[in-house]
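Colleague: Okay, handing you the structure first.
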């Protein structure tokens, strides 16, 4: 790891009452003395100082805080300067810090140093960015839980159980004279099944966290004049799409973002799906299919007065889209019939015009994507889900090796790989490429 000293503005761009400049590294204290006219600083105490340019001209006045390593966020000596929130003043403080020996920090470099100095693990580092970017109260609370180590503790406990199982299996293989018959005594099978069960439980909780963090891409599809634009307007609570009786009014992709019980919902309204000779409409339909293939969930809107629309288009969607994308059929315009709003697992009857049945639709969406708020929930990322899925696949393979082939060495290797995969979640075993990708997504100053 580099041992140079870094500096960055830690507050958002723009003007404000207070702006913070953060410095971290072996020369942080010396740079602070250059800025404050050699006024001594006590660790963990705020000191009021005048702040100077190199020619002893006063730049500003503010508070300077000194955190002596390793008792700091990064584990290094850290200085935080609380000056007035003028972009000009803060830029001058950065320039003076660089002149005194610091360099400008890369995005996320403060958090990266905290990770490399074992102040936080990789889950906690990601949680810092997630807390900053949280789109709802619940997402912020869940990010804080991850930052406080809730998710990490679950992974570490799982790893401890896996380490114990690995030791038992490998000891039996390496020391056959001890006559440990792990292939037949049932202990390994029970321990392995328990670990798989715990992993599935954590995976389910992590999936809820991914929904809260990343949200859900919900694509509205249907024939022209089925009421798609009216539905997106009602879901959004405002007029975001033009609604007319003319078929083919919507020709391009329309996007709107709302919160559905704290889940960020990225709603995409598409052109009506039909054969058309109009070049502009054909391009809109082409883009609609592209969005459908990327969706997390599809709402197929059907005019209840023309139910035959549903069969052909539903079959076309089923044949074209990946099996993992759920399709909810929405029978619209019940206000023109004697029907009332109702729903079942993948079907909703509603009126986009009056709003009747919208609550039922929201309920079905949450059920279809598997959102179930639970105690102990935490924020997670897709890479965490991928690692958990990979670890489970390895454990299931190992279980098969044990049950069907009595292959102890192959079981031991699958357990080792599963352990390594889980350690990638917390960063115990992580490639430099992954670290670079994660920390580069942070804002500068974190």
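Cβ atoms here come from the backbone N, Cα and C positions, even for glycine.
Swiss-Prot feature annotations, pasted as is:
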{"type": "BINDING", "residues": "22, 80, 119, 446", "note": "(6S)-5-formyl-5,6,7,8-tetrahydrofolate binding site"}
{"type": "DOMAIN", "residues": "215-370", "note": "domain 'TrmE-type G'"}
{"type": "BINDING", "residues": "225-230, 244-250, 269-272", "note": "GTP binding site"}
{"type": "BINDING", "residues": "225, 244, 246, 249", "note": "K(+) binding site"}
{"type": "BINDING", "residues": "229, 250", "note": "Mg(2+) binding site"}
Colleague: Between 22, 119, 228, which of the binding-site residues has its C-beta surrounded by the fewest other C-beta atoms within 10 Å?
Modeller: 119
Colleague: Considering the binding-site residues 225, 229, which residue's Cβ sits among the greatest number of other Cβ atoms within 10 Å?
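Modeller: It comes out as 229.
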Colleague: What number of additional C-beta atoms lies within 10 angstroms of the C-beta atom of residue 80 ((6S)-5-formyl-5,6,7,8-tetrahydrofolate binding site)?
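Modeller: Summing over all protein chains shown, residue 80 ((6S)-5-formyl-5,6,7,8-tetrahydrofolate binding site) has 20 other Cβ atoms within 10 Å.
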Colleague: Calculate the distance in Å between the alpha carbons (Cα) of residue 119 ((6S)-5-formyl-5,6,7,8-tetrahydrofolate binding site) and residue 228 (GTP binding site), and round it to a whole number.
Modeller: 50
Colleague: Can you check what DSSP calls residue 22 ((6S)-5-formyl-5,6,7,8-tetrahydrofolate binding site), collapsed to helix, strand or coil?
Modeller: strand
